[in-house]
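If you check TrEMBL, you get these features:
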- Tyr45, Gly70, Cys71, Ser72, Asp124, Ile125, Asn139: S-adenosyl-L-methionine binding site (BINDING)
Amino acid sequence: MVLSSKNDQPDHLFAAPIAKLGDWAFDEQVAAVFPNMITRSIPGYTNIITMIGMLSKRFVKPHTQIYDLGCSHGAACLSIYPNILDIPGCKIIAVEESPAMIKYCRENLMAHCDQIPVEIIEDDILNITIDNASMVILNFTLQFLDPGHRQNVLNRIYQGLNPGGILVLSEKFHFEDPDIGPLLFDMHHDFKRANGYSDLEISQKNTMLKNVMRVDSVKTHQNRLRQAGFEHMDLWFQCFNFGSLLALKTSSSND
């Protein structure tokens, strides 16, 4: 389910020149247009959200918890919800640090998720303890964390996942190949232009994001996942320089 509500607004935040561009923030202005912004900015986003729901049907177990870390407006939770209605004892835990974003998340989940317990937590994901989890979602969240904290987050997710549990890690990727990297970068910009963004909008948003969003290569993500303890991981979706990895915990050891 891709989020669409009465509060959705078209994204024109950067259509006019901004004299002084600061760093990116998930403030009220961004939160108000976020569903429109993300579907026009991230190639394959709607596919990833839909497939997260399908994955939940396979991996969520009775009497376990599902965590969406950095849940924004709750799109992944809404995709999961109808797929786990027949699984007893489940609980969805949605975590979001931005007060503006979580306001919309709370509205959306309270309106649509009334048959399964849902806990909405306004906090930094660094402060969240993962426990009795069968599924954890990190959907374009890790890239906004300080790189020094990323391994610790993955370690704690692995520790909190039950055997047979799954992590879905979606990110923008860095490519080191001198031909492929620039090509995918340019194709992403072509995608945004095709969705109605001007070169000015693209440039101003990139300037604001450059000090806030620091992306890694697929190999770096896989190395971190392996270090955390995940036995199996691979890229399951990619469109240009955006994609998603699956990581499975098969061992019963939490050492």
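Heads up, residue numbers simply count up from 1 along the chain you see.
Just so it is clear, glycine is given a Cβ too, placed from its N, Cα and C backbone atoms.
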Just jot down the residues in the same chain as Ser72 (S-adenosyl-L-methionine binding site), at least 6 apart in sequence, with C-beta under 8 A of its C-beta; none if empty.
Phe26, Phe34, Ile38, Glu96, Ser98, Met101, Tyr104, Cys105, Asn139
Specify the count of other C-beta atoms within 10 Å of the C-beta of Gly70 (S-adenosyl-L-methionine binding site).
23
Which one is it: of the binding-site residues Tyr45, Cys71, Asp124, Ile125, which Cβ has the fewest other Cβ atoms within 10 Å in this structure?
Asp124
Where does Cys71 (S-adenosyl-L-methionine binding site) sit in DSSP terms: helix, strand, or coil?
coil
For Tyr45 (S-adenosyl-L-methionine binding site), which DSSP three-state class applies?
helix
Would you count the other CB atoms within 10 A of the CB of Asn139 (S-adenosyl-L-methionine binding site), including those on all shown protein chains?
23
Assuming the binding residues for S-adenosyl-L-methionine are exactly those in the record, Tyr45, Gly70, Cys71, Ser72, Asp124, Ile125, Asn139, what is the maximum CA-CA distance in angstrom, rounded?
23
